[in-house]
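K.L.:
This is the structure I have questions about; it appears just below.
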């Protein structure tokens with residue numbers, strides 16, 4: 001499988017990365033080089049093989065459903081490029 | 001004073017304990033060495049001199065009071081991927097501009113608990129994506145090693161290139177590093193240092209900037225096998241804050257170092273013999289076999305039939321996880337923001353400006369293979385292949401093999417700005433061909449310097465172990481280190 005220019009633009013949009021028109025061709029070539037490389041996985045017989053979900057055999061630990069952390073909004077917001085009263089500020093999203 | 005910086009971690013620790021010198025003296029010696037070398041090597045992206053001296057003072061007090069920790073007063077470098085409270089933590093990316101976490105990663109907290117001193121944050125490939133340390137926002141790291149009769153700058157490998165360069169050039173006693181596809185072992189091999197990626201789950205991932213969560217593991221880069229064992233002992237341990245952390249006691253790794261290999265069975269996989277592999281690597285591998293046999297190990301040839309599919313499967317799984325992990329960098333919660341006409345515009349512009357080319361490429365591949373209609377064909381298939389890769393290893397271990405010996409890398413260090421690798425991303429990816437299988441199967445792997453190529457550059461061998469059997473890797477690694485009998489010291493040109 002290989003990608004065309006329209007697909008590159010669609011992927012960039014899904015990934016929320018702005019790509020300029022003059023960059024599309026280079027990305028298309030690079031992505032196709034990688035997709036061409038992974039193509040060989042098609043040779044492997046994976047009939048009846050379970051996809052890996054956990055590399056070490058373990059089940060996820062459960063914990064008590066209790067609040068055990070928090071209460072420091074100012075520390076959460078401390079690194080925000082734009083915040084007010086410990087709220088993250090973003091451009092208007094509701095008309 | 002400069003001789004202090006050349007001590008191994010084990011000797012520095014002993015010297016501190018015996019009051020031959022203080023941690024403040026040792027720390028100052030390293031800080032001076034860093035100041036002199038960093039303009040040439042670019043190994044550190046942030047030097048925390050004041051904090052280092054302060055921590056050293058506290059260590060000296062504990063040393064005199066007789067309650068020293070396992071790493072008391074030992075100066076370390078920390079890869080920029082580890083969250084360090086109030087200190088530069090940017091994964092060498094522009095998108096984490098000015099980020100200073102409000103918390104400390106579990107691994108670094110463990111090191112400070114044991115009395116270690118932080119010298120600063122180490123350069124790396126951006127978000128640990130790279131095999132040459134050329135994708136850093138802070139520019140490439142330079143390998144302290146140069147080919148004989150050459151002044152050309154070489155890469156230290158990646159992504160833990162700053163860690164490897166700093167350890168090799170005596171700019172810290174040892175360093176933390178991380179390994180998702182070979183990022184500890186490949187740079188260690190290219191700089192004549194020792195690097196171990198422990199079993200998945202051995203070190204907590206909490207507070208380590210995530211790249212591909214099912215593959216990422218922290219580990220040390222150090223100058224000797226013993227030093228690596230001491231470091232890993234402090235870094236490891238169960239952590240309730242990481243749901244994949246394994247609740248197992250941490251063995252005394254350092255005690256295993258001199259255990260030898262008598263009676264062990266070492267496997268040599270046929271599939272790692274690549275077409276066009278340099279004769280020097282082939283010869284080194286053979287010497288490794290002879291050294292282990294001479295010390296009483298049985299070496300036999302084994303088959304890991306799905307080896308060739310590990311790298312292509314990795315380049316689906318890792319970007320897929322990365323595209324998901326890196327979705328959090330959106331210009332809102334931390335780091336760089338570029339204003340746009342609406343919120344989507346702001347996201348897209350911030351990510352376009354903040355991520356480098358390799359990171360964008362991988363996020364896009366990951367987005368593609370996870371997108372509707374392609375998920376089964378790419379991602380699910382790759383995870384099935386991963387099951388087969390792991391099964392290959394399980395089969396040979398069940399068949400009586402204790403550890404596996406392979407080359408660490410397909411070549412010695414190469415030049416910065418290598419044209420062939422720049423033109424084709426897959427060429428760069430092939431650097432990890434011998435290391436990536438280990439991450440796919442979650443196993444421990446160690447790279448030990450074992451020889452030099454015709455130009456005098458270091459070459460490493462890799463040992464792969466059973467899950468949670470790092471001890472055998474330290475024991476066998478030590479045999480290789482001792483049998484090679486080479487002092488891996490770069491000629492100081494910086």
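Note that the numbers count up from 1, one per residue, in the order the chain is shown.
Cβ atoms here come from the backbone N, Cα and C positions, even for glycine.
Keep in mind the model is a prediction, meaning the values are calculated, not measured.
Residues annotated as domain 'Amidase' in TrEMBL: B:25-473. Feature annotation from TrEMBL assigns active site, charge relay system to B:79, B:159. Annotation comment: TrEMBL describes B:183 as active site, acyl-ester intermediate.
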K.L.:
Taking DSSP as the reference, which of helix, strand or coil describes residue B:159 (active site, charge relay system)?
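P.N.:
The three-state answer is coil.
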K.L.:
Rounded to the nearest Å, what's the C-alpha distance separating residue B:159 (active site, charge relay system) and the residue listed as 'active site, acyl-ester intermediate'? Just drop the number here, would you?
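P.N.:
Between the Cα atoms of residue B:159 (active site, charge relay system) and the residue listed as 'active site, acyl-ester intermediate', the distance comes to 5 Å.
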K.L.:
In which DSSP state, out of helix, strand and coil, do we find residue B:183 (active site, acyl-ester intermediate)?
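P.N.:
Going by the DSSP assignment, residue B:183 (active site, acyl-ester intermediate) belongs to neither helix nor strand, so it counts as coil.
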K.L.:
To the nearest whole angstrom, what is the C-alpha distance linking residue B:79 (active site, charge relay system) and residue B:183 (active site, acyl-ester intermediate)?
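P.N.:
Residue B:183 (active site, acyl-ester intermediate) has its Cα 11 Å from the Cα of residue B:79 (active site, charge relay system).
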K.L.:
Please list, in sequence order, the residues in the chain of the residue listed as 'active site, acyl-ester intermediate' that are at least six apart in sequence and whose C-beta is under 8 Å away from its C-beta.
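P.N.:
Same-chain residues close to the residue listed as 'active site, acyl-ester intermediate' (Cβ under 8 Å, separated by 6 or more) are B:125, B:128, B:131, B:158, B:159, B:160, B:177.
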K.L.:
Could you tally the C-beta atoms, other than its own, that fall within 10 angstroms of the C-beta of residue B:79 (active site, charge relay system)?
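P.N.:
Other Cβ atoms within 10 Å of residue B:79 (active site, charge relay system): 32.
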K.L.:
Have a look around residue B:159 (active site, charge relay system) and count the other CB atoms within 10 A of its CB, chains all included.
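P.N.:
Here the count is 35.
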